Amino acid sequence: MSTLVTVRQTTTTTTSTTTAINTNNNMTTTNGQISMHSYGITPPITMKGPDPSDIIATDDLEESLRSYDYFESDAELALRVDVMSKLDGLVQKWIRDVSIAKNIPIETADTVTGRVHTFGSYRLGVHSKGGDIDTLLIAPRHIDRTDFFTTFIEVLRRQPEVCDLRAIEDAFVPVIKLTFDGIELDILFARLALSTIPSTFDLKDDKILLNLDQRCVRSLNGSRVADEILNLVPNRETFKSTLRAIKLWAKKNGLYSNALGFFGGVTWAMLVARICQLYPNAVAATLVHKFFTVYSLWEWPTPVLLKPINDPQYGFSVWDSKVNAFDRHHLMPVITPAYPQQNSTHNVTRSTQKIIVQEIKRGLNIVNKIISSKGEWKELFTGISFIERYKHYIILLLSAPDQNQYLEWSGLVEAKIRLLIANLEKNMYIEIAHVNSDKYTPNESVFQNQQQTNSASTKDDSSNTKSSTTNDTPQSTKSPSSTTNPSSTFSGMWIVGLQFATASKCKLDLTNEICTFLNVVYRTAANSNMNRENIDLDARYVRQRDLHTVLPKDVVATSSQSPRLSKTASIDDKSETNTNLHLKRPKLDSTSSEPGSIPDSDSESTAKRVKLELINESSPKTSESDHTTE
């Protein structure tokens with residue numbers, strides 16, 4: 001699996017036989033010969049079909065997925081179809097109205113159409129109950145992006161079924177987000193060099209990308225990739241069944257988030273598709289087993305490819321680690337099959353790679369037991385509680401008085417968290433910085449306690465009173481700001497677990513890492529003209545034993561019922577058990593004038609310097625002295 005082999009996309013192996021039984025969609029029979037078509041860049045590992053035990057295991061897997069309320073009812077599926085039909089009607093009317101407004105004759109405008117495509121999980125047929133629909137609006141050449149973000153938004157705003165409407169025009173892939181009749185939609189926009197978009201239009205044709213700008217190409221990419229994936233698997237239904245299981249496993253284990261440095265939905269889809277290519281006649285249970293077997297042995301950064309990379313030289317860069325220096329730094333490349341081919345995992349960091357690899361190996365152990373009838377599928381879908389993984393955490397808190405303002409800032413913070421992780425990883429004493437893929441709503445008491453802490457801190461600073469190093473209150477990097485009523489705010493919280501490398505004695509100062517992250521968020525917000533009024537963005541250090549004071553009660557209760565990592569597999573204990581590292585409560589000193597602090601425009605959120613002292617308690621003398629100070 002460690003060698004990249006570039007061969008033809010589809011190969012054919014022909015063997016002579018006296019009888020021909022065509023039971024698979026990747027086999028054809030001609031004149032007494034069986035032709036076996038393989039998918040991908042290599043031939044299949046095996047063409048073997050399922051045993052009776054494999055079919056039973058697959059039935060059990062499907063039943064387990066149903067127990068998690070994964071599938072939608074017929075009524076819920078019909079609602080999605082109805083929403084997409086209504087959206088298509090709005091798009092066609094909008095294109096006609098804009099065409100007339102741009103002096104196109106009415107008789108011509110009546111013939112001008114656009115198209116609405118879906119992509120992502122919904123297009124692949126593996127969306128879960130309550131999931132969103134990724135949508136692409138394709139418009140003719142006289143409809144531009146400005147129209148999309150002005151007049152089309154107004155059309156949506158007038159619909160009684162629409163709520164939570166917001167535009168993110170400056171995103172890497174510009175998008176309109178909304179909820180339509182209870183269904184969340186993400187709508188992208190692309191304009192093609194055509195006078196109208198016919199119903200026979202083929203998105204897979206690379207020539208449609210000629211003379212398009214990068215934003216349109218990126219918007220089209222999602223639909224083009226989804227269509228390619230479906231065309232590159234031997235059996236679509238088996239692929240879907242397998243992908244549903246892998247997606248549920250990834251979500252339950254906190255591995256499902258491209259923005260946070262893990263794998264997104266399209267990456268998991270491509271990984272499963274490659275396994276389907278290697279085992280074209282296997283059923284879902286077997287493919288899940290092979291998924292964990294193959295990727296537990298995969299020698300990263302060998303790329304995962306569904307087809308050879310093809311560059312028609314239309315002016316767009318394609319992934320090539322031999323040519324592009326930046327591509328050589330990708331840790332776990334999984335390459336999209338549609339031109340221009342890109343790495344879908346460029347956000348993966350050193351920490352997230354370790355976590356993904358470890359969880360895949362842990363998943364293999366579980367599936368091995370299931371296949372040998374010594375376990376159940378529900379064990380695969382029971383994740384390890386995040387608050388049990390580590391001893392030390394940083395929490396990010398965001399609050400805003402308005403829901404739309406909160407949603408906008410929440411999206412920005414989540415898009416930038418990986419930069420905080422990257423900065424933390426540069427610290428030689430931090431082995432893993434792991435952001436939880438779940439976002440929580442913190443207790444109201446968190447903000448009330450912070451106001452009290454900030455008030456006390458201000459008094460201490462003004463009187464030059466030295467802060468106690470034994471204070472067990474979670475420490476913050478934020479000074480007092482405008483006070484808000486917690487009950488009237490919208491708030492969210494992200495949690496970052498920290499695993500420290502073995503050290504005899506060291507002092508960690510994470511203020512610069514945190515301040516750099518905050519600066520990026522505030523600077524991006526300023527460049528995007530986002531409303532900053534009454535926004536509270538805070539970063540704090542919290543010990544594991546104190547997490548219950550900030551987490552919602554239902555999360556704490558659920559975590560107590562989750563399985564725990566064994567001593568041999570524990571992420572945190574593996575490096576800290578031998579050295580018994582102890583994190584002393586930091587002393588916080590005001591450092592608004594020091595490098596890395598918030599800019600002057602953010603003086604109301606002056607940063608606090610966080611000093612973390614790690615002591616190796618293996619020495620009785622050191623341990624004794626530490627106990628006397630606590």
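Every residue gets a Cβ built from N, Cα and C, even glycine.
Keep in mind that what you see is a predicted model, and the values were worked out from it rather than measured.
Listed in TrEMBL for this protein:
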type: BINDING; residues: PHE119, GLY120, SER121, ASP132, ILE133, ASP134, ASP186, LYS247, TYR256, GLY265, VAL266; note: ATP binding site
type: BINDING; residues: ASP132, ASP134, ASP186; note: Mg(2+) 2 binding site
type: COMPBIAS; residues: 464-487; note: compositional bias 'Low complexity'
type: COMPBIAS; residues: 557-569; note: compositional bias 'Polar residues'
type: COMPBIAS; residues: 605-614; note: compositional bias 'Basic and acidic residues'
type: DOMAIN; residues: 40-233; note: domain 'Poly(A) polymerase nucleotidyltransferase'
type: DOMAIN; residues: 238-382; note: domain 'Poly(A) polymerase central'
type: REGION; residues: 446-487; note: region 'Disordered'
type: REGION; residues: 555-630; note: region 'Disordered'
Listed binding-site residues among PHE119, SER121, ASP186, TYR256 whose Cα sits within 10 Å of ASP134 (Mg(2+) 2 binding site): PHE119, SER121, ASP186
Averaged pLDDT, computed only over the residues in the domain 'Poly(A) polymerase central' (238-382): 95
For the domain 'Poly(A) polymerase central' (238-382), residues assigned helix / strand / coil by DSSP: 72 helix, 6 strand, 67 coil
CB contacts for ILE133 (ATP binding site) [other CB atoms within 10 A, all chains]: 21
Which of PHE119, TYR256, the listed binding-site residues, has fewest other Cβ atoms within 10 Å: TYR256
Cβ neighbour count within 10 Å of VAL266 (ATP binding site): 23
Local Cβ density at SER121 (ATP binding site) - other Cβ atoms counted within 10 Å: 22
ASP132, ASP134, ASP186 as binding-site residues, winner by CB count within 10 A: ASP134
VAL266 (ATP binding site) to ASP132 (Mg(2+) 2 binding site) - Cα separation in whole Å: 14
Rounded Cα-Cα span from ASP132 (Mg(2+) 2 binding site) to ASP186 (ATP binding site), Å: 7
Residue pair TYR256 (ATP binding site), ASP132 (Mg(2+) 2 binding site) - Cα distance, angstrom, rounded: 15
Rounded to the nearest Å - Cα separation of PHE119 (ATP binding site) and ASP132 (Mg(2+) 2 binding site): 11
Alpha-carbon spacing, SER121 (ATP binding site) to ASP132 (Mg(2+) 2 binding site), which is rounded to whole Å: 9
